[in-house]
Amino acid sequence: MLTPRVLRALGWTGLFFLLLSPSNVLGASLSRDLETPPFLSFDPSNISINGAPLTEVPHAPSTESVSTNSESTNEHTITETTGKNAYIHNNASTDKQNANDTHKMPNILCDTEEVFVFLNETGRFVCTLKVDPPSDSEWSNFVLDLIFNPIEYHANEKNVEAARIAGLYGVPGSDYAYPRQSELISSIRRDPQGTFWTSPSPHGNKYFIWINKTTNTMGVEIRNVDYADNGYMQVIMRDHFNRPLIDKHIYIRVCQRPASVDVLAPPVLSGENYKASCIVRHFYPPGSVYVSWRQNGNIATPRKDRDGSFWWFESGRGATLVSTITLGNSGIDFPPKISCLVAWKQGDMISTTNATAIPTVYHHPRLSLAFKDGYAICTIECVPSEITVRWLVHDEAQPNTTYNTVVTGLCRTIDRHRNLLSRIPVWDNWTKTKYTCRLIGYPFDEDKFQDSEYYDATPSARGTPMVITVTAVLGLAVILGMGIIMTALCLYNSTRKNIRL
């Protein structure tokens, strides 16, 4: 019976003030295990004005911040006024219905929901704290937590799996390191004397936080932004029981325009397809770049079965994207002008650039190798003027002093091309020797254009004339020997007859 009477006497509003009052008796009677659990694992209520260390929050931004933030402040003023008018308008009917209720829920109004900030620069946002009535005792019941939550752009399903297989994922300092953990940047309280206190930032001067007591605004700066700062800030207002009342998210979008755009169109042989690669270096975040292709000013569409794109992330430098395309080559028309158009987009910011390349086309040369008069002779037709000849014997390059090359005339079918003839003495060493005539100066594999033949100097390969010669010599020797023997016998017989007579 006592409880209903107390409720009727105090009213629900009075009971609400009683619960919010910093009474040691009431606080001791409530078990923390029965309260609503906090959003994250830390407990901001452990950071109190009686604990150490704490730092007094500056009451105004630095001179540099004021000068660089004049435009931002004006925008914030407009946003705050608009938000305030909307707040009053939207809650007019509620105020009339609750005219006797002097306590309202607190609120936080921030000047933006997204902060786009370029690499190594400073990002800023301002929030207005709405507490009614804004008395010192009322302020003392609230805690403002500033929490950073990362967003990792440095991995996708394919390259993360490859990194796991290679044992690189999660290695500190690698491109696949685990993302930065969510962490409490600051926990702010206000004492009854009107002084704001905050816990030290875990990153030193990385974050600068200030509060204007007159306008009840809080400003936050993230200095020297890097890729690890890509994420969102949570501004959470909690009551003295650590229960979240308001939770605002402000996204920090780290930006970096592409540092360079290049098109690589490697040389091709006449009749082979053209291939080109567009390389967009050092931008952020991945996915903010869009690539399109042009061939002689006309739209060219990559084929899914042979073209595509891929990207990788370099620590401290950003993302790099490579897009490829394959185009037909009739072998008759002039090589095309291949252009890559790149658009980088973040929020309302757009940056475009392009690059162009024209591939070089080479024609197939004609060459043949033969042996004549003790020389290996290489005949070459229709090669550019920068092409030279290199001889190899048993696949070993020979000094250019051992052979000579001359220009025999101009190519009749291709302009600015010429014909060559080169020769080198063969080795008459009674063995089988390999000779190679190779063209040097083409932007392809070194052995792309060459011809090889074997010169066989073994006795069996010298042919029938050699056998006939040897046989003739041996036969002549036998005949001469027999003639000498017969002559000697005749002389011997005639001498014996003369002696008998």
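Including glycine, each Cβ sits where the backbone N, Cα and C put it.
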Where Swiss-Prot places N-linked glycosylation site when the choices are Asn400, Asn493: Asn400
Cα-nearest neighbour of Asn212 (N-linked glycosylation site) within the listed glycosylation sites, Asn120, Asn354, Asn400, Asn429: Asn120
Among Asn120, Asn212, Asn354 [glycosylation sites], residue with fewest other Cβ within 10 Å: Asn120
Long-range Cβ environment of Asn400 (N-linked glycosylation site), under 8 Å and at least 6 residues apart: Arg390
Stretch-averaged pLDDT - the topological domain 'Cytoplasmic' (493-501): 63
Nearest-integer angstrom distance between the alpha carbons (Cα) of Asn120 (N-linked glycosylation site) and Asn354 (N-linked glycosylation site): 26
Set of same-chain residues at least 6 away whose C-beta sits under 8 angstroms from Asn429 (N-linked glycosylation site): Ala457
